[in-house]
Amino acid sequence: MKINLLTFGVSTLVERNIGYITQIIGPVLDAAFPPGKMPNIYNSLIVKGQNPAGQQINVTCEVQQLLGNNKVRAIAMSATDGLTRGMEVIDTGAPLSVPVGQATLGRIFNVLGEPVDNLGPINADKKSSIHEPAPAFTQLDTKLSIFETGIKVVDLLAPYRRGGKIGLFGGAGVGKTVLIMELINNIAKAHGGVSVFGGVGERTREGNDLYTEMKESKVINEQNLSESKVALVYGQMNEPPGARMRVGLTALTIAEYFRDVNKQDVLLFIDNIFRFVQAGSEVSALLGRMPSAVGYQPTLSTEMGSLQERITSTKEGSITSIQAVYVPADDLTDPAPATTFAHLDATTVLSRGLAAKGIYPAVDPLDSTSTMLQPWIVGEEHYETAQGVKQTLQRYKELQDIIAILGLDELSEEDRLTVARARKIERFLSQPFFVAEVFTGSPGKYVSLAETIKGFQMILSGELDSLPEQAFYLVGNIEEATAKAGISQMED
């Protein structure tokens, strides 16, 4: 018997393959199929029926293991409440597929690609499987190039690689969300690109806050959704481990379409990459695998690699990924963050001390790193300027204890000059954001890399020693700082 499984997320005419549930253990279920009709690994299975209370059940599962005796073990993507042994299981004959393309912008999806924002169905022309191989070597773009963000502190001291992976470290309330939204805004304006945000295993409240803030800052255009700059995919803390393990792949699949078909530069945000590993660990235990170091899954490196290797630049476009990294108990040697670090090209560390001083973005200029900051990649001028800025800030950090105990007057003339320049640099690293205009009232600034380098060179050379340090706070390029100083002198 043939049946059109369009309603089950598969758009081909396939022979109906029906099994039944033999065992349910939490989010894991075993199903038996007729001899010779075994589903493939990663095939999507659908359980439909009624629970004892008469309510409709529709649970999607993914095949993880072939057990023998015509049985498979699958992991559920939603709650298994109400499922009973003997219920029918339909093999869709293909992996889970999700809607892709322009119709996804401005919308929120779950792991199955179903909209969860109450704005009606998605009118997508195409669906793509979430399990795709990484691009072949011949498709990759191996040229090292910087991905300009328009944010001074990032572009100068820890530049992002086009098609690279960046780790974003920072506690609560130091400005992660605002930095993410500014990057989404800037890639749309400067690169004509789009962004995909994957909320993996984080708080539902945070996901809702981010959505609300994106609407307020016009990153999501409520009046005309197609003009939005981002698609959101959420699999939050309350979801079963199967959903949290696969939601990163759903977000990545949407991003790959923009890169490969629309030939765009895409920003992919994953918040939080640790929760992806954590979900994989839960699934691994449920499937009966022997745990590895610190209780993690034995397949940790393979799972991380299969996700990270798909995030890359091709000759058509690029996916640059920014991943929030939670470090359990601040232990950097924990297998989850340690495996993540192997894939990162740059780290952006947000500092609570800078946020307390009111310096935003609160990116720590000494702790943030990038493999791109090499003279043969960024050029001698950029490299020398960045090193000069770091040395000045490092010296200021060393002198802070002396200043706190004895005061500025006890320093040598040279050290006092270093401190004055370091304070100007610290303030010049701050910048007004476009997405914060609604809250601050000051217009946002996009600063090109050339302007950034020029500004810091002028501070380091001593050309601007006569200007007050307040003139450098929350401005764009150096011309704005000199103009601000001129206005304040006229007022005095």
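Cβ atoms here come from the backbone N, Cα and C positions, even for glycine.
According to Swiss-Prot, the features are:
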| type | residues | note |
| --- | --- | --- |
| BINDING | Gly170, Gly171, Ala172, Gly173, Val174, Gly175, Lys176, Thr177 | ATP binding site |
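Here the features listed in Swiss-Prot are placed on the structure.
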{"residue": "Gly170", "record": "ATP binding site", "Cβ neighbours (10 Å)": "20"}
{"residue": "Gly171", "record": "ATP binding site", "Cβ neighbours (10 Å)": "11"}
{"residue": "Ala172", "record": "ATP binding site", "Cβ neighbours (10 Å)": "7"}
{"residue": "Gly173", "record": "ATP binding site", "Cβ neighbours (10 Å)": "11"}
{"residue": "Val174", "record": "ATP binding site", "Cβ neighbours (10 Å)": "23"}
{"residue": "Gly175", "record": "ATP binding site", "Cβ neighbours (10 Å)": "20"}
{"residue": "Lys176", "record": "ATP binding site", "Cβ neighbours (10 Å)": "22"}
{"residue": "Thr177", "record": "ATP binding site", "Cβ neighbours (10 Å)": "16"}
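According to DSSP, Thr177 (ATP binding site) sits within a helical segment. Residues Gly170, Gly171, Ala172, Gly173, Val174, Gly175, Lys176, Thr177 make up the record's ATP site, and a Cβ search at 8 Å around their centroid adds Leu350, Ala355, Ala362 from the same chain.
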